[in-house]
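Quick notes on the structure that follows.
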Amino acid sequence: MGLHLYDTRRRRVRPFEPLRPGHVGVYVCGPTVQAAPHVGHIRTALPFDLLRRWLVQSGRSVTFVQNVTDIDDKIIINADRDGTSVWELATRQTRAFDDAYRTLGILPPTIQPRATGHIPEMIALVSALVEGGYAYASGGSVWFRVGAFADYGALSHQRPDAMQPSVEAEPGKADPRDFALWKAARPGEPFWSSPWGDGRPGWHLECSAMAGKYLGPVFDIHGGGLDLVFPHHENERAQTVCAATARPASNAASADSPGPGGGEPGGGEPSSGEMARYWMHVGLLTTGGTKMSKSLGNSVLVADALDAVRPQVLRYHLLSAHYRSTLEYSAEALAESTAAHDRVETFVRNALDILGGPGEAAALAADEVVSSVAGAQPTVAGARPVPVPGPGGESRLTPRRAWSDFTIAMDDDLAVGRALAALFGAVSQGNQVLSKAHSRELAGWVDVTRRMLNIFGLDPHEQWPTAGAEFRPALDGAMQVVLDLRSAARARRDYAEADAIRSRLAAAGLIVEDTPEGQRWHLA
């Protein structure tokens, strides 16, 4: 089957065919660092992390670019309100976003450009648009001429003549729909020199310039939240396609690129005149049925969310629905995700304990599922593909068949519902053979479970290393002494003492479980 992805521009799922075989260029619109990150930001970022991991697993190298918008009207307003500088606010909140992404296991971008570090590229892009007749200067600002782009509205599937005026209702615009490429300087605001006077870039311009610098005028995948389809991505596409057409052929996508309007009419495949071959958008995160956003005052900060649940659980919950669907965030939904995640994590932990650890499990699993998950962490561009089991044709569920089901689901536009069904099927089968110590069958099930968890960024052994790992041998030894004391209490039928020991350990964050194979412990 191969990977298929839904393309917003074409309104259908299409086979994924990168421009360069074996390599994928991805640009995702990153945060405007005006305030602390909320859960909605993570909801948008995680599906692209999942996609990236799957692309690498499938044998492709990935150049993943995610920008930081560090100059914007909202940043200026918030900095003024807080009595701080724009630069201090932007730097502080950029760190907060980086910390939140890292805490949630999101792989760092290959390139993370800041808008303010790319002003020359933005000025060059505006100059090309002005020279090509697609933009005009007025009062120190520069506006994109929407009427000059015949395909405007194609991404968001709107008719240009039915569109409302842009939010920038300022004098000097030739058409109410025109949007700002360059904004004339205002008193007290940051500015840069330009051929049109002092000013600063418009929001849409920033992403076009940075995507073009690092991925070229045409690249594979452009992503973001559903709320960015219009006007942000529509405007990005318009100015990028027109700039590529206006520039000399050596700087454009192709010497024989079509004029503004890009791909073939009537739903044909995107051509070299497009900005991105595939446009992907993540559905909204809601709370109480209403979109979560700062402007509505119902956003939940990542820091507050992590006071309620572990990072792994939050990551699981935000990935548990298909990326194009709406996902509800509530205490009840988080409780369900906690139970589901704990079931998987408990199986992996118990299985690895029985089998003697990841290395031993991998060796036992070699005959069962061809190769081990050990060392299969997705990495940045250039990573080698991980060996995977071949397609399964078994009538009964086996680790090989479970992986095949998982692969088919992920290749179908990241169908996480079916992928999670394959995961929980593997966990269920593994739990049934959990008592078979050093069983190849158990090793096979835990191996394939960890393969799937690895794609979701949730392998409890590999993806979430415990801080203070150098103290683990000492902790293991100390815990064995305590567990021996508890065993002695049970042997003399002093169950009150045994329960008291377990309760005191639980209060300290150390969970003891009694199993047919003996006592096991793990961190809460």
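Heads up, the Cβ atoms here are built off N, Cα and C, so glycines get one too.
Secondary structure at Glu236 (Zn(2+) binding site), taken from DSSP and collapsed to helix, strand or coil, is helix. Positions annotated as Zn(2+) binding site by Swiss-Prot, on the basis of sequence analysis: Cys29, Cys207, His232, Glu236.
Per Swiss-Prot, the feature motif ''HIGH' region' maps to 31-41. Broken down by DSSP into helix, strand and coil, the motif ''HIGH' region' (31-41) contains 3 helix, 2 strand, 6 coil.
Sequence annotations record features per position, and here Swiss-Prot assigns compositional bias 'Low complexity' to 246-258.
Annotated region 'Disordered' per Swiss-Prot: 246-273, in sequence order.
Annotated compositional bias 'Gly residues' per Swiss-Prot: 259-270, in sequence order.
Looking only at the motif ''KMSKS' region' (291-295), the predicted model's pLDDT averages out at 82. If you look up Swiss-Prot, you'll see 291-295 marked as motif ''KMSKS' region'.
In sequence order, Ala35, His38 are the residues near Lys294 (ATP binding site), counting only same-chain partners six or more apart with C-beta under 8 A. Taken from Swiss-Prot, the feature ATP binding site applies to Lys294.
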Sorted by sequence, non-Cys29, Cys207, His232, Glu236 residues with Cβ within 8 Å of centre, Zn(2+): Trp203, His204, Glu206, Ser208, His222, Gly224, Leu228, His233, Asn235
Per DSSP, to which secondary structure element type does Cys29 (Zn(2+) binding site) belong, with helix, strand and coil as the options? coil
Where Cys207 (Zn(2+) binding site) falls in three-state DSSP terms: helix
Note: among binding-site residues Cys29, Cys207, least Cβ-dense neighbourhood at 10 Å is Cys29
Sort out the sequence-distant neighbours of Glu236 (Zn(2+) binding site) for me: same chain, 6+ apart, CB within less than 8 Å of its CB, listed by position. His204, Cys207, Ser208, Ala211, His222, Met275
For His232 (Zn(2+) binding site), the number of other Cβ atoms found within 10 Å of its own Cβ: 17
